[in-house]
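Down below is the structure, laid out as structure tokens.
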Amino acid sequence: MKNYIEIVDVYARQILDSRCNPTVEVEVELEDGTVGVAAVPSGASTGAFEAVELRDGDESKYLGKGVLKAVDNVNTIIADELVGMNVLDQVAIDKTMIELDGTDNKAKLGANAMLGVSLACAKAAANFLGMSLYQYIGGVNAKVLPVPMMNIINGGKHADNNVDLQEFMIMPAGAPSFSEALRMCSEVYHALKSTLKSQGYDTGVGDEGGFAPNLKSNEEAIVVIIEAIKKAGYTPGKDIFIALDPASSEIFEDGKYNLAGEGRVLTPEEMANYYVELAEKYPIISIEDGMAEEDWDGWKILTEKIGDKVQLVGDDLFVTNTERLAKGIKLGVANSILIKLNQIGTLTETLNAIEMAERAGYTAVVSHRSGETEDTTIADLVVAVNAGQIKTGAPARSERVAKYNQLLRIEEELNDMGEYRGLKAFYNINK
């Protein structure tokens, strides 16, 4: 097998994401004509420690959200350096871009520019070798299909309603296969829609395809999801579990958590107890960003209280960054990391974060962003690293469904070699 193939062209363009904001798409062409194409996602609630997403700031165009600077960085600075390099050496490609940027947070070239190139190179390499992307990244051991973490009620920054917590999700950990898990979630989604309608609630959807009703409280969102699970013919806590993403950094003010929709302001200890009560009352298997990104003491309290029973995922806390993750591991906070490619900006650094997490006994959940495209890289990535969990929205809106459909194709390709771990994906908690 050939182990060297030159990059002959690197080209970027500005396209639109699912929130009608510009983003970067990159094409990488190889000497034999093979091409790899990748598009970059974007978040609404972003961690303060994420790599920099370069925006133009010209208010007269796309409200300042244009990405022509990032596109130009790809077409000039990055292309000049990468043309002639071996596309099969992903580490060297990413290292070259990191050195070209020269900042701690990708502020010069932009994480959106660098990630587009990094992923397009990986896709071009996979295409050249005639391999699926998950096989190219993960090798022969890539075989685990993920449990979906499916956002079906949106609140917080993802919706215009009075629900404080950002995401209420279902996880079909009791399903026998990925395709069955997807079917179960789809049926619950339909049941939830009819349940909300029958109770007089709006069934408009948020950024990630989940419903965004004006519920009376955060707990009511859980109650109505439980009702929908039962209505669809499944057992909560056996077939399907609940997962939450409060996105607590968004409601953290002056050292306290402001649940404005419920008229409550809680200390970190009280916030931890709030989750404890919910986890005792309902089949909650995972809580993401239960505490704010800089509330390390609050995270410690929460982890000590329920870290043995509930998956505690660090998103804004860790931002797919090995330095932040190493601190969390040392302090003993959280037990899982959310993986978002654009938080760190290259495929290599993303894989390093996943490896560090797994060595420490932390699970990894591969995730989309609220601003997505039709790009399906994360579907391949989650199988490549055998993470066992994926978070990519409701089974609605084509930019979300694209990832699920790609996973169906991968499941079909893996056939008997594929493995759906279900509850075993939560190997570091007692369930």
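Glycine residues also receive a Cβ, built from the backbone N, Cα and C atoms like all the rest.
Feature list (source: Swiss-Prot):
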| type | residues | note |
| --- | --- | --- |
| ACT_SITE | E208 | active site, proton donor |
| ACT_SITE | K340 | active site, proton acceptor |
| BINDING | Q166, K340, R369, S370, K391 | (2R)-2-phosphoglycerate binding site |
| BINDING | D245, E288, D315 | Mg(2+) binding site |
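This view paints the features noted in Swiss-Prot onto the structure.
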{"residue": "Q166", "record": "(2R)-2-phosphoglycerate binding site", "DSSP class": "coil"}
{"residue": "E208", "record": "active site, proton donor", "DSSP class": "coil"}
{"residue": "D245", "record": "Mg(2+) binding site", "DSSP class": "strand"}
{"residue": "E288", "record": "Mg(2+) binding site", "DSSP class": "strand"}
{"residue": "D315", "record": "Mg(2+) binding site", "DSSP class": "coil"}
{"residue": "K340", "record": "active site, proton acceptor", "DSSP class": "coil"}
{"residue": "R369", "record": "(2R)-2-phosphoglycerate binding site", "DSSP class": "coil"}
{"residue": "K391", "record": "(2R)-2-phosphoglycerate binding site", "DSSP class": "strand"}
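Among the binding-site residues Q166, D315, R369, the ones whose Cα is located within 10 Å of the Cα of K340 (active site, proton acceptor) are D315, R369. Put simply, D245 (Mg(2+) binding site) is 13 Å from E208 (active site, proton donor) when counted between their Cα atoms. Using a 10 Å radius centred on the Cβ of Q166 ((2R)-2-phosphoglycerate binding site) and all shown protein chains, the other Cβ atoms total 28. Sitting within 8 Å of the Cβ centre of D245, E288, D315, and not among those site residues for Mg(2+), are the Cβ atoms of Q166, E167, L244, P246, A247, I287, D289, V313, D316, L338, K391. The binding-site residues shown are D245, E288, D315; of these, the one with its CA atom nearest the CA of Q166 ((2R)-2-phosphoglycerate binding site) is D245. When the binding-site residues R369, S370, K391 are compared by Cα distance to D245 (Mg(2+) binding site), the shortest distance belongs to K391. Sequence-distant neighbours of R369 ((2R)-2-phosphoglycerate binding site) (same chain, six or more apart, CB under 8 Å from its CB) are P41, S42, G43, A44, K340, N342, listed in sequence order.
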